[in-house]
Amino acid sequence: MANTKKTTLDITGMTCAACSNRIEKKLNKLDDVNAQVNLTTEKATVEYNPDQHDVQEFINTIQHLGYGVTVETVELDITGMTCAACSSRIEKVLNKMNGVQNATVNLTTEQAKVDYYPEETDADKLVTRIQKLGYDASIKDNNKDQTSRKAEALQHKLIKLIISAVLSLPLLMLMFVHLFNMHIPALFTNPWFQFILATPVQFIIGWQFYVGAYKNLRNGGANMDVLVAVGTSAAYFYSIYEMVRWLNGSTTQPHLYFETSAVLLTLILFGKYLEARAKSQTTNALGELLSLQAKEARILKDGNEVMIPLNEVHVGDTLIVKPGEKIPVDGKIIKGMTAIDESMLTGESIPVEKNVDDTVIGSTMNKNGTITMTATKVGGDTALANIIKVVEEAQSSKAPIQRLADIISGYFVPIVVGIALLIFIVWITLVTPGTFEPALVASISVLVIACPCALGLATPTSIMVGTGRAAENGILFKGGEFVERTHQIDTIVLDKTGTITNGRPVVTDYHGDNQTLQLLATAEKDSEHPLAEAIVNYAKEKQLTLTETTTFKAVPGHGIEATIDHHHILVGNRKLMADNDISLPKHISDDLTHYERDGKTAMLIAVNYSLTGIIAVADTVKDHAKDAIKQLHDMGIEVAMLTGDNKNTAQAIAKQVGIDTVIADILPEEKAAQIAKLQQQGKKVAMVGDGVNDAPALVKADIGIAIGTGTEVAIEAADITILGGDLMLIPKAIYASKATIRNIRQNLFWAFGYNIAGIPIAALGLLAPWVAGAAMALSSVSVVTNALRLKKMRLEPRRKDA
């Protein structure tokens with residue numbers, strides 16, 4: 001190969017030599033390609049002719065075989081975007097770059113998230129490409145205070161607005177003269193005076209629009225800057241023409257439009273300032289989450305307590321936390337006991353009792369006891385850091401509903417410029433033949449009333465505020481796509497253990513005296529069985545002292561037999577009692593049947609071959625589970641329960657909480673198949689679970705919802721995470737989705753409707769340019785303001801909420 005290039009790809013998913021050989025063989029089948037795949041290093045080295053192939057082709061080939069290619073992600077801060085046409089153009093250019101898998105640009109956050117193949121491109125190339133388009137870009141610095149940066153930018157906008165307003169105010173008075181036939185000083189009507197006021201507004205304050213327009217046009221694009229620059233320049237330079245004609249001795253009074261250009265720019269700056277101010281409020285939820293983080297920690301070093309910055313804490317460090325202090329990082333208690341306020345995570349205001357070996361979460365509040373803890377997760381690995389990451393990703397993601405707006409934004413400005421030119425021609429040739437001014441005014445009005453900004457802000461602002469509000473309530477959406485899909489859910493499938501129930505057995509019923517309970521708990525105390533643990537905990541709550549077992553024997557399938565302090569103990573089922581000639585009174589037999597019918601595990605207790613008690617143990621239903629399921633039913637959502645338990649136990653739990661559909665006796669690997677069956681019936685299914693065996697079903701469902709008290713595997717597989725395990729958050733999550741999508745539709749209706757109605761009205765000459773400019777400025781503000789209403793959203797579902 002005369003002209004060759006070489007690239008190296010990191011491959012994931014190879015398990016043996018057959019994998020590497022298969023990939024190598026497939027790549028080498030391509031013309032002018034020489035590939036070597038190394039299983040040990042998990043890399044493919046490819047020599048190729050760049051005139052025939054590119055790296056993306058090799059990546060697609062590898063992925064088509066079922067393997068992955070390592071992708072890196074970078075977040076970029078972008079400044080200089082003024083409307084949806086800007087963000088749409090940057091996104092389109094980035095996605096066309098070699099090595100970029102996917103790029104999304106968010107106008108509201110002024111950030112881009114780019115997934116790329118490091119062998120083909122890098123973050124610096126991405127930044128350079130954006131800068132060539134005329135925007136400022138930099139790699140996001142997570143240590144930099146984004147809030148203060150935005151506050152400075154907002155202050156700069158305000159200063160420019162004030163200067164522009166001061167210069168434009170006298171010119172604005174001229175408009176009122178025309179409208180209300182008012183008398184003003186002659187100075188105000190002097191062309192030189194108007195020129196002196198309008199020029200700095202046009203070319204100093206408004207220079208940003210010229211720069212933006214030039215950079216966009218140079219790169220073959222067009223945005224709002226083009227509309228503003230063309231519209232205001234037309235008014236300004238026509239006024240210059242009239243002024244020169246007047247200076248050359250024209251006898252007719254000059255028709256000046258300096259006030260139009262200056263006031264237009266001022267109103268647009270005013271709208272941009274209000275928009276930026278409103279947009280800054282959309283990230284308040286994230287700011288509040290960040291403010292929850294502890295700032296320092298008390299570490300135990302050589303027996304001394306030392307305060308250190310939080311970022312200096314390492315895994316394994318021993319920390320002291322006193323009452324009233326925040327838990328600095330995630331960890332485990334090794335000494336002491338306390339109550340911890342975990343409301344920032346769960347929304348539950350009642351403090352949770354914590355003892356030795358219990359886990360504690362960073363940034364929760366220690367209420368009433370000094371504890372010593374070992375740090376287990378620090379920095380970006382803590383629970384709060386992961387929550388913040390999920391919220392950030394959700395707020396910067398795009399919902400599918402935004403696609404139409406993005407497509408339109410890409411063509412919007414050129415179409416509007418074309419319409420304005422057409423309107424000018426129609427007016428000067430047909431409406432007012434030979435008269436220049438009405439044609440100019442109508443075309444300027446068309447240019448300045450058109451607003452691609454509102455289209456670009458309609459979806460991301462609602463997603464940002466909606467996901468932020470949900471996060472404040474313990475509901476974490478992993479992206480805008482999942483916000484949109486959730487509102488379509490009509491069926492929810494709940495795993496039983498750990499989701500509907502608490503996931504740990506407790507004693508629900510006991511009939512017998514304290515001596516029997518003491519002997520029973522002593523017999524069970526050395527067992528690791530969950531039922532035994534429940535009995536021992538119950539005895540401890542009764543403050544009974546447990547002794548030692550002399551002999552112990554398990555009777556498989558029936559129970560246990562033990563000797564304690566010369567007492568012979570039998571604990572088990574009917575068969576165990578019958579085998580030992582112990583008869584059951586009718587009321588005990590009836591109680592046993594009743595407990596079993598309710599899905600409880602009931603055990604008979606005999607001391608010295610005499611029946612002395614009966615105890616029932618069950619995994620209890622979570623608080624509010626019944627209320628949550630009722631709310632889902634009220635919303636018109638079908639609820640089903642999926643469990644590996646037997647049908648009797650499952651039916652008993654379902655009856656308690658009001659679930660009609662029960663799918664029982666299901667093996668873990670069959671859960672995903674059950675979800676698929678429901679989907680084949682045309683249902684939109686959400687699966688709610690907390691365990692490792694729920695992960696395949698969570699992935700298969702249209703929406704996977706993980707309970708935050710569950711395993712990391714389940715949470716990773718889910719689209720929504722419910723913090724703390726409160727089932728009431730499930731209907732709230734669905735309502736948050738519905739409210740957010742409803743808000744997006746309102747915004748899109750306004751954004752489309754405004755342009756569809758505004759442009760024809762302006763074309764008919766019914767709007768003065770300054771009125772059109774004010775309408776354009778306020779259209780974006782109205783969209784952002786409507787989105788901000790979600791901040792006050794009460795997550796209380798309505799009956800059959802649409």
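Yeah, the Cβs are placed from backbone N, Cα and C, and that goes for glycine too.
Keep in mind it's a predicted model, so treat the numbers as computed, not measured.
The feature active site, 4-aspartylphosphate intermediate is assigned by Swiss-Prot to Asp495, with similarity to another entry given as support. In this view, Asp495 (active site, 4-aspartylphosphate intermediate) is surrounded by 27 other Cβ atoms within 10 Å of its Cβ, with every protein chain counted.
Per Swiss-Prot, the feature Cu(+) 1 binding site maps to Cys16, Cys19. In the structure as shown, the Cβ atom of Cys16 (Cu(+) 1 binding site) sits within 10 Å of 9 other Cβ atoms. Secondary structure at Cys16 (Cu(+) 1 binding site), as computed by DSSP, is coil.
Sequence annotations record features per position, and here Swiss-Prot assigns Cu(+) 2 binding site to Cys83, Cys86 based on sequence analysis.
Per Swiss-Prot, Mg(2+) binding site is recorded for Asp690, Asp694. Cβ neighbour count for Asp690 (Mg(2+) binding site): 24 (other Cβ atoms within 10 Å of its Cβ, all protein chains included).
Here the domain 'HMA 1' (5-70) has, by DSSP, the following mix of helix, strand and coil residues: 22 helix, 22 strand, 22 coil. Taken from Swiss-Prot, the feature domain 'HMA 1' applies to 5-70.
Annotated domain 'HMA 2' per Swiss-Prot: 72-138, in sequence order, evidence recorded as sequence analysis. The domain 'HMA 2' (72-138) scores a mean pLDDT of 87 in the predicted structure.
Taken from Swiss-Prot, the feature transmembrane segment covers 161-181 (among others), and the record attributes it to sequence analysis.
Positions annotated as transmembrane segment by Swiss-Prot, on the basis of sequence analysis: 192-212 (among others).
The transmembrane segment annotation in Swiss-Prot covers 224-244 (among others). With a threshold of 8 Å between CB atoms, the same-chain residues lying at least 6 positions outside the transmembrane segment (224-244) that come near it are 82-83, 85-86, 191, 194-195, 198, 202, 206, 208-213, 216-217, 254-258, 260-261, 264-265, 268, 413, 416-417, 420, 436, 440, 443-444, 447-448, 450-453, 769.
Beyond its flanks by at least six residues, the transmembrane segment (256-276) meets 82, 150, 153-154, 157-158, 160-161, 164-165, 167-168, 171-172, 174-175, 191, 194-195, 197-198, 201-202, 205-206, 209, 228, 231-233, 235-236, 238-239, 242-243, 440-441, 444, 448, 453, 457, 768-770, 773-774, 776-781, 784 of its own chain at Cβ-Cβ distances under 8 Å. The transmembrane segment annotation in Swiss-Prot covers 256-276 (among others) and is backed by sequence analysis.
The transmembrane segment annotation in Swiss-Prot covers 411-431 (among others) and rests on sequence analysis. Within its own chain, the transmembrane segment (411-431) has Cβ neighbours under 8 Å at 84-85, 222-224, 226-227, 230-231, 438-440, 442-444, 446-447, 450, 452, 455, 759, 763, 765, counting only residues six or more beyond its boundaries.
According to Swiss-Prot, the feature transmembrane segment maps to 438-458 (among others), an assignment based on sequence analysis. If you look at the transmembrane segment (438-458), the same-chain residues 6 or more away from its ends with a CB under 8 A from one of its CBs are 82-85, 87-88, 107-108, 223-224, 227-228, 230-232, 234-235, 238, 257, 260, 264, 268, 275, 279, 402, 405, 408-409, 412-413, 416-417, 419-421, 423-425, 427-428, 431-432, 744, 747-748, 750-752, 754-755, 758-759, 761-765, 767-769, 771-773, 775-776, 779-780, 782-784, 787.
Swiss-Prot lists 748-767 (among others) with the feature transmembrane segment. Listed as Cβ neighbours of the transmembrane segment (748-767) (distance under 8 Å, sequence separation of 6 or more from its ends, same chain) are residues 401, 404-405, 416, 419, 423, 427, 431, 438, 441-442, 445-446, 449-451, 454-455, 457-459, 775-776, 779, 782-783, 786.
For 771-790 (among others), the entry in Swiss-Prot reads transmembrane segment.
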Cβ packing number for Cys83 (Cu(+) 2 binding site), 10 Å threshold: 26
Residue from Cys19, Cys86, Asp495 whose C-alpha is spatially nearest that of Asp694 (Mg(2+) binding site), among the recorded positions: Asp495
DSSP three-state assignment for Asp495 (active site, 4-aspartylphosphate intermediate): strand
Least Cβ-crowded entry, counting other Cβ within 10 Å, from the binding-site residues listed as Cys19, Asp694: Cys19
DSSP three-state assignment (helix, strand or coil) for Cys83 (Cu(+) 2 binding site): coil
For Asp694 (Mg(2+) binding site): DSSP state (helix, strand, coil): helix
Cys19 (Cu(+) 1 binding site) to Asp690 (Mg(2+) binding site) - Cα separation in whole Å: 34
Nearest recorded site to Cys16 (Cu(+) 1 binding site) by CA-CA distance, among recorded positions Cys83, Cys86, Asp495, Asp690: Asp690
Length of the line joining the Cα atoms of Asp495 (active site, 4-aspartylphosphate intermediate) and Asp690 (Mg(2+) binding site), in Å: 8
Intrachain C-beta neighbours of Cys86 (Cu(+) 2 binding site), sequence separation six or more, cut-off 8 angstroms: Gly80, Leu107, Tyr135, Asn216, Asn223, Met224
